[in-house]
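First up is the structure itself, then whatever we jot down about it.
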Amino acid sequence: MNILTKIDDFVDQAGADKVGADHGPSEENGSSHPLFDNAPRSVSFNKLRKRLLRNVRQAFEDFGMLNGQKRWLVGLSGGKDSYGLLALLLDLKWRGLLPVELVACNLDQGQPNFPKHVLPEYLAKIGVAHRIEYRDTYSIVKEKVPSGGTYCSLCSRLRRGNLYRIAREEGCDALLLGHHREDILETFFMNFFHGGRLAGMPAKLLNDEGDLMVMRPLAYCAEEDMAKFAAAMEFPIIPCDLCGSQDGLQRNAMKDMLADIERRMPGRKDVMLRALAHVNPSHLLDPKLFDFSALAVTGASPEERREASPP
């Protein structure tokens, strides 16, 4: 049976007895991870959950995320997306569809008013192996970034370096991050408009040292779906005071632009994401990707040229 069909089957089974009630404990047959005991019992939530699981599993298959990795560190910021990622991974693992060990990790970066108790209590409650580590990168960011500058880039780099270190210390071979479809598209357009290059946010990346995979299983998941999922699951969301306190960020401008396009032409975000998976180097302008100098008039028909080309 195809793995995506298995996902449909087990979500249907988990949701079959839920219709007609708003919330409540799941059946004793263990069809769902205990994290979902108090999840909504509606048809709409069941469809949302299934869609997200299929998107995650499709990313696993498309990008070879299950090739050789045995132990994953799941970055948990306290935001809706990282909570959702952890829940979906636990859902798959509970049903035997994810043959890896999971370790959740939160890096407390010393942000003002950060509620230190929320994540440890939540992770202990749901019985997930985890590590909470304090590193005051906030002070470094405040010191290094000039007044009026944006914190996100430096904050992200400092956080990533610490997560790499923690992953190694925990014996993990991959770091999983909760970036979704909109994050990837926003990054693409930031690079397009401000960086002068075509580059997005890879779903799977080998770090510079070559010892850790960085993976984004939510690459196909819509931010709107993740927000609905987080609200339905009632995750204890922790806001990011650093990002939320700054206006005029380039990413916010890209987010607004994409939202406007989607509002005027529904479905364009999915089309944009598909475009990132269908690249034609000969129709761009980068001679490093396509040898334009080798093009020559041969008189051969298209069929003959195809036959002469190496497979």
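Note that Cβ sites are derived from N, Cα and C of the backbone, with glycine treated the same way.
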Stated Swiss-Prot location of motif 'PP-loop motif', expressed as one of 23-28, 77-82, 245-250 = 77-82
Within 10 Å of each Cβ, count the other Cβ atoms and name the one among the binding-site residues Cys152, Cys155 with the highest count.
-> Cys155
Model confidence over the motif 'PP-loop motif' (77-82) (mean pLDDT, whole number) | 95
So which residues does the motif 'PP-loop motif' (77-82) touch in its own chain, when a touch means Cβ under 8 Å and the partner is 6 or more beyond its ends?
-> 106, 118-119, 177-180, 218, 223, 226-227, 229-230, 235-240
Kindly report the helix/strand/coil residue split of the motif 'PP-loop motif' (77-82) according to DSSP, in that order.
-> 3 helix, 0 strand, 3 coil
